[in-house]
Amino acid sequence: MDQLISSNVRETLEKVSASLGCSPTSAQVASYLDEHDYLRHLRDEFLIPKIADLPCTDLSLVDGSEESIYLIGNSLGLQPKMTRKYVEEELDKWAKMGVHGHISGSRPWAWAEDNLEERMANVVGAKTDEVALMNGLTVNLHLLMLSFYKPTAKRHKILLEDKAFPSDHYAVESQIRLRGFDPQQSMLLLSPRPGEETLRTEDILELIKKEGDAIAVVMFSGVQYYTGQLFDLAAITEAGQRKGCYVGFDCAHAAGNVELKLHDWGVDFACWCSYKYLNSGAGGIAGAFVHEKHDNTIKPALLGWWGHDLKTRFKMNNVLELQPGVKGFRLCNQPVLLVCCLQASLEIFEMTGMQALRRKSLLLTGYLEYLIQHYYSEDPTRPLKTHVHIITPSDPQQRGCQLSLSFSIPIRKVYEQLQKRGVACDMREPSVLRIAPTPLYNTFSDIYRFVETLGSALASH
Ligand SMILES: *Cc1c(COP(=O)(O)O)cnc(C)c1O
């Protein structure tokens, strides 16, 4: 790596700008960091939308032929260039050989997903046999809860964060009802302290210690979708299991974003979608993890033929030979076109690794934080100026790539101005923007352009 670039973001920006003879906020610094980015070639693996092709742009304000400033990989990742090729290969195969595609070609449909599970396991820090690709995220969460949530009169609660993603909230609520319990009594929601926006690890651990005997399952997100907070999965797992709880995580915003070690941390179960940081396209095939320690104890509550051992699956004799662990949770034959989409993305992850991605990510997000603080910190001498407060923890160990920015003014008009200028990001009324620079394809110049564009959007709204 370049000797000016270290893990200390501020120091890096100061050293680079000093060597270039410019300010740390200059565009030259972004260019320098892009030139010295050891992962910059990965952007070429993706199709980057042009500004003119986004629906809300105003071409009198910007050059439509430029690439958009795409900072919303936390919602939908970009399309890898190979996706179309792989999908077309299977469409061609279907057209040419019909049913024979199940067992022929480079990607036999009958076991297409098996070829991907090792790559997926590497991304989430699991063993290959601990990962299954199947269904959608919420379906997988339900299937896992059906096996891990076995409430009793004394131990019937599920602990999750207050304001969890709605689908997770509803899933937990309905699982509690399904077992004949009352969400009012059994759903334990943890909120930040008054005046605070994110949870303190000590408070999570304390609550588990206090209430653990009544908690059946601790079910947190890995990275909180709204605040961008990365939870201490290892500590939460350890604390929950010490009290006899099962501990599971929804890693929708963590998979492909931060380094996960689901196996080493001893996490009981996890699930995630693949269309956010894993770039598999809307509604892509989702992932599920069950730790191998449960291979002989935790069984799927619902069965289907895809849980049957592949070697004898097609004998069709109705004598189930259930695959151990999470593989036994599979119900249906897999959507091969979705498998193709995920393959294209996981191959890009294979060109690097989560450790290298994370190293870039810390600098990329740190750069965004630096610029936002530089231009928009609260300044008592200029009370009328718009200021921006970053909700996401400032400790890099407690966040992934996303920063959630809270503005001192309602943000809708500003957001519209950003869209007109070719920025793709996420807004939550009244005043929050979620900005996710993803290390696979975002550049330091994207961050520079975003902050510059934010300045003109604020000036013109
Ligand atoms: C994106 C997301 C979902 C979406 O669920 P689907 O079943 O894929 O529609 C659910 N939970 C969390 C935490 C998410 O971030």
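In case you wondered, yes, glycine gets a Cβ from its N, Cα and C as well.
What you see is a predicted model, and the numbers here were worked out from it, not measured in a lab.
Taken verbatim from TrEMBL:
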- L137, T138, F165, P166, S167, D168, S221, D250, H253, Y275, W305, N333: pyridoxal 5'-phosphate binding site (BINDING)
- K276: N6-(pyridoxal phosphate)lysine (MOD_RES)
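Annotated features, which come from TrEMBL, shown on the structure.
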residue	record	Cβ neighbours (10 Å)
L137	pyridoxal 5'-phosphate binding site	26
F165	pyridoxal 5'-phosphate binding site	19
S167	pyridoxal 5'-phosphate binding site	15
S221	pyridoxal 5'-phosphate binding site	24
H253	pyridoxal 5'-phosphate binding site	28
K276	N6-(pyridoxal phosphate)lysine	26
W305	pyridoxal 5'-phosphate binding site	14
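Taken over all pairs of the listed pyridoxal 5'-phosphate-binding residues (L137, T138, F165, P166, S167, D168, S221, D250, H253, Y275, W305, N333), the Cα spread reaches a maximum of 31 Å, rounded to the nearest whole number. With a cut-off of under 6 Å between the Cβ and any atom of ligand 1, the binding-site residues L137, S167, W305 reduce to L137, S167. Secondary structure at L137 (pyridoxal 5'-phosphate binding site), as computed by DSSP, is helix. Note: the CA-CA distance between W305 (pyridoxal 5'-phosphate binding site) and K276 (N6-(pyridoxal phosphate)lysine) rounds to 29 Å. You'll find the Cα of H253 (pyridoxal 5'-phosphate binding site) roughly 7 Å from the Cα of K276 (N6-(pyridoxal phosphate)lysine).
Distance between Cα atoms for F165 (pyridoxal 5'-phosphate binding site) and K276 (N6-(pyridoxal phosphate)lysine): 14 Å, as a whole number. Of L137, S167, S221, all annotated as binding-site residues, the residue with the shortest Cα distance to the residue listed as 'N6-(pyridoxal phosphate)lysine' is L137.
DSSP classifies the residue listed as 'N6-(pyridoxal phosphate)lysine' as coil under the three-state reduction. DSSP classifies S167 (pyridoxal 5'-phosphate binding site) as helix under the three-state reduction. Reduced to three states, the DSSP call for W305 (pyridoxal 5'-phosphate binding site) is helix. A coil conformation is recorded for H253 (pyridoxal 5'-phosphate binding site) in the three-state DSSP classification, outside any helix or strand. DSSP assigns S221 (pyridoxal 5'-phosphate binding site) to a strand in the three-state reduction.
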